[in-house]
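The feature transmembrane segment is assigned by Swiss-Prot to 20-40, 68-88, 105-125, 134-154, 163-183, 186-206, 214-234, 263-283, 301-321, 334-354, 371-391.
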Amino acid sequence: MVDPIRSPLSRAFAPVRALFVSDASAGILLILVAAAAMIVANSPLAGAYEEMFYGDLAWTPIAKLDDLHLWINDGLMAIFFFVVGLEVKRELICGQLSSPEQRTLPVLAAIAGMAVPAIVYVGVVGTDSALVRGWAIPAATDIAFAMGVLGLLGSRVPASLRLFLLTVAIVDDIGAVLVIAAFYTANLKVMWLVIALGIFGVMVGMNKFGVDRIWPYILVALVLWVAVLFSGVHATIAGVMAALTIPMRRKDGHSLLEKLEHGLAPWSAYLVVPIFGFANAGVNLSGMGLDAVLAPLPLAIAAGLVVGKQLGIFGIIVAAVKLGIAKAPANANWIEIWGVSILTGIGFTMSLFISGLAFTDSRLLIDEAKIGILGGSLISAILGYTILRLTTTHPEERPPQTVTP
């Protein structure tokens, strides 16, 4: 029997439920958060926004983290990196990166999609050593944002292209983590690094000896985070390290890794990343003229995201398919592949994160970087969406098609 009270409510809220279980929801939330941050940062609340995130905390358990912005970027974002690490490990063991055939094209695309934007960036900023440090900013792709834009197109986009974009973004995240660890580590403290590696070894041992309960891993991971924080390596790397030690052994049909990923992914996508976005996307534009928008740094980042990403990824796909190195995504044509390549130029979360590491001593450069990131990501999103919207059709209207070498 249909409940006369719940049925109308259920129908009324059906669109809302559909939105939050769709690919688009996390991306739409990020767009709203970024817009809110910009509005607040340019309103009478700008002073309160600045004080909230950058004002000294009255008390902090770790003196090194003396404002809320640092706690978000070094602490809360470790959860995001932990989820990324879980996803990467699962994909490498039993997912879309588990065999050479499956990972060839995404790996090639991700490498080219990081290298070419970096080259474009350096080409624009030239020999300015202060700006060159930001070479990795346009090299990252925001999974939630890009998949969100793709989700707005519904079933018009072939499933193979969704899978390709997701896999490229995952490999991209691996590259970004390696870049952060290798190039954005300052004042390395060897003793703390040794301690961190020792704790990591303990977590590996816990896995090997069959520890399958979550709390031991969480407690040891917190100690690992503190050690990495004081080692000089960015603290969020502890999240990836901890994730790699979580067991993939299946009990009652699900592994601890899968349970953690399933449980934490929504919190990461709908709480952690939006908080990070709100804390980092706000730029006060008062006093900024056209010269600031057209300065070398924002232009270099925007060019890297809009031009470099699509040039690198689409170019390597064409080359790999023509040379017979890899197969293109099934049931997709070249224009659709190009459209998805453009969407990889959406670099919101990781790009903002890297900009904070690259220009730690200059709020001006960080603000200029934010303008380039937001502008480049917005252009990539609109351009990619428009091309795909105009060239794709619903499955029932779609003739069988594949790209030919």
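Glycine is treated like the rest: Cβ placed from N, Cα and C.
By the Cβ criterion (distance under 8 Å, sequence gap of 6 or more), the transmembrane segment (134-154) is counted as touching the transmembrane segment (334-354), at least 3 such pairs being found.
In terms of C-beta pairs under 8 Å, the stretch of 68-88, 186-206, 214-234, 301-321, 371-391 lying closest in packing to the transmembrane segment (334-354) is 371-391. For the transmembrane segment (301-321), same-chain residues at least 6 beyond its ends with a Cβ under 8 Å from one of its own Cβ atoms are 104-105, 108-121, 124, 134, 137-139, 141, 168, 327-328, 334, 337-338, 341-342, 344-347, 351, 355, 369, 372-373, 375-377, 379-380, 383, 403, 405. 163-183 is the stretch from 105-125, 163-183, 186-206, 214-234, 371-391 with the greatest number of Cβ pairs below 8 Å to the transmembrane segment (68-88). Among the listed stretches 105-125, 214-234, 263-283, 371-391, the one sharing the most Cβ pairs under 8 Å with the transmembrane segment (186-206) is 214-234. Looking at which of 163-183, 214-234, 371-391 has the most CB pairs under 8 Å to the transmembrane segment (105-125), the answer is the stretch 163-183.
Non-local neighbours of the transmembrane segment (163-183) in the same chain are 81, 84-85, 87-88, 91, 96-97, 102-103, 105-107, 109-111, 113-114, 136, 139-143, 146-147, 150, 233-234, 236-237, 240, 313, 329, 340, 343-344, 350, 353-354, 357; each lies 6+ residues outside the stretch with a CB under 8 Å from one of its CB atoms.
Residues 62, 64-65, 74-75, 78, 82, 180-181, 184-189, 192-193, 195-196, 199-200, 202-203, 206, 241-242, 245-246, 256, 259-260, 357 of the same chain sit 6 or more residues outside the transmembrane segment (214-234) yet have a Cβ under 8 Å from a Cβ within it.
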